[in-house]
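Reading through the structure tokens given below for one structure.
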Amino acid sequence: MSRLVVVSNRIAPPDEHAASAGGLAVGILGALKAAGGLWFGWSGETGNEDQPLKKVKKGNITWASFNLSEQDLDEYYNQFSNAVLWPAFHYRLDLVQFQRPAWDGYLRVNALLADKLLPLLQDDDIIWIHDYHLLPFAHELRKRGVNNRIGFFLHIPFPTPEIFNALPTYDTLLEQLCDYDLLGFQTENDRLAFLDCLSNLTRVTTRSAKSHTAWGKAFRTEVYPIGIEPKEIAKQAAGPLPPKLAQLKAELKNVQNIFSVERLDYSKGLPERFLAYEALLEKYPQHHGKIRYTQIAPTSRGDVQAYQDIRHQLENEAGRINGKYGQLGWTPLYYLNQHFDRKLLMKIFRYSDVGLVTPLRDGMNLVAKEYVAAQDPANPGVLVLSQFAGAANELTSALIVNPYDRDEVAVALDRALTMSLAERISRHAEMLDVIVKNDINHWQECFISDLKQIVPRSAESQQRDKVATFPKLV
């Protein structure tokens, strides 16, 4: 049986609590436990890159981690992955800060990681690469003679050609991506956007619906919407509340709660969300004194100017809205710029009447799915969800809104606050059914199954891939 080798920018710590954070770690550990194998990634520390890999083995899984120099971390991670790819892939070209040394550093680190992984690989290993930090990784492995099956999953959106082609190195990135055997995306829109970018650059031959050839390289594209652990989330959400939370719930028993939790990131649409809540207060004064909106937004990448700007903007908007609409004994908006334990958040989800999840652009947004999974099926809250979140393709029974239209969001919030119990139960049941079917284990099992079905590349095909090809004639 083939081993599974997983490569991601960071690896979860090898202890029994690693999966408690949810998300990617749960899916990866599930796949690794099933097949046995290796999880390879950055240690999270800076230091001498020439030091031997740190290896830890538990059961049939080995964790292998490495350090990065401060220069490599800054250029590969901060300056290119997060200052070029992240904003561009979230349709924010105005925030892209392209610098040629950062691009060189991005390629250099991907090559370095390929060098470090190469001695660990076995001939029949199946390799699964994750996310935008490692777009060129398969290309670097192929250059080193690796013919193993290599899959890639992009957790964030893939932009349309008008956005992607603005990147000075877009053509190189596209050709490098074709060195993967299987390219996985969150949504069909993302998959088609990638193919549109590719067909604008070179001739793409499609042998079947999702099997393609470009530059002489054969690859497959597919959609794998990432899921969650609904049973675990329901378990975390149920049970007694911590004393302070129980006291707060008692104090707010006559108040309807709108709740939202996101990383402090410009892609999440937080300023637009605050303005939509203000529109609700303005257009529906009957809710004054009877509702409260709580926004939790812990700082991420606090040293980046764009993130500092949005933090200050939110602080100002929260103060302005509370000053305009607040009353003695009633504060309409609570904004908390701090981290909360994930299990506590699931309990807060459960007693919230409305979950407000309105990113401007998001690959999936697991918060939306977690909110649904945390609800009491007999008395569930209502999910208000952005049409630009990948989750909107699955959670069609949510109240789907355009986050740029504050009036539309306000109308949806009013509808959510006044929705009948019967409708709430019906909508929740439909969404929960989808979430249970497409859980995190289903996601990883589908990807790994498809990757296993691909015939490994041969040395001869690697040589054929080096034959010159020409761009599509326009």
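Residue numbering: from 1, along the chain as shown.
Keep in mind that glycine also has a Cβ here, set from the backbone N, Cα and C atoms.
Residues or ranges marked as D-glucose 6-phosphate binding site in Swiss-Prot: ARG10, TYR77, ASP131, ARG301. The C-beta environment of ARG10 (D-glucose 6-phosphate binding site), restricted to residues of the same chain at least 6 apart in sequence and closer than 8 Å, consists of GLY41, TRP42, GLY44. The secondary structure of ARG10 (D-glucose 6-phosphate binding site), as reduced to three states from DSSP, is extended strand.
If you look up Swiss-Prot, you'll see GLY22, GLY23, ARG263, LYS268, PHE340, LEU366, VAL367, ALA368, LYS369, GLU370 marked as UDP-alpha-D-glucose binding site. Less than 8 angstroms from the CB of VAL367 (UDP-alpha-D-glucose binding site) sit VAL261, GLU262, GLY355, VAL357, each of them six or more residues away in the same chain.
The Cβ neighbour count for TRP86 (site 'Involved in alpha anomer selectivity'), using a 10 Å radius and every protein chain shown, is 21. TRP86 (site 'Involved in alpha anomer selectivity') carries a helical DSSP state (H, G or I). Here Swiss-Prot flags TRP86 (among others) as site 'Involved in alpha anomer selectivity'.
The site 'Involved in alpha anomer selectivity' annotation in Swiss-Prot covers ILE156 (among others). Around ILE156 (site 'Involved in alpha anomer selectivity'), taking its Cβ as the centre, 20 other Cβ atoms fall within 10 Å, counting all chains.
Across the residues the record lists as binding D-glucose 6-phosphate (ARG10, TYR77, ASP131, ARG301), the two Cα atoms farthest apart are 18 Å from each other. Cα-Cα distances to ASP131 (D-glucose 6-phosphate binding site) place none of the binding-site residues ARG263, PHE340, LYS369 within 10 Å. Here the Cβ of ARG263 (UDP-alpha-D-glucose binding site) has 16 other Cβ atoms within 10 Å, regardless of which shown protein chain they belong to. Rounded to a whole value, the Cα-Cα separation of ARG263 (UDP-alpha-D-glucose binding site) and ILE156 (site 'Involved in alpha anomer selectivity') is 14 Å. The two recorded residues, TYR77 (D-glucose 6-phosphate binding site) and TRP86 (site 'Involved in alpha anomer selectivity'), have Cα atoms 10 Å apart.
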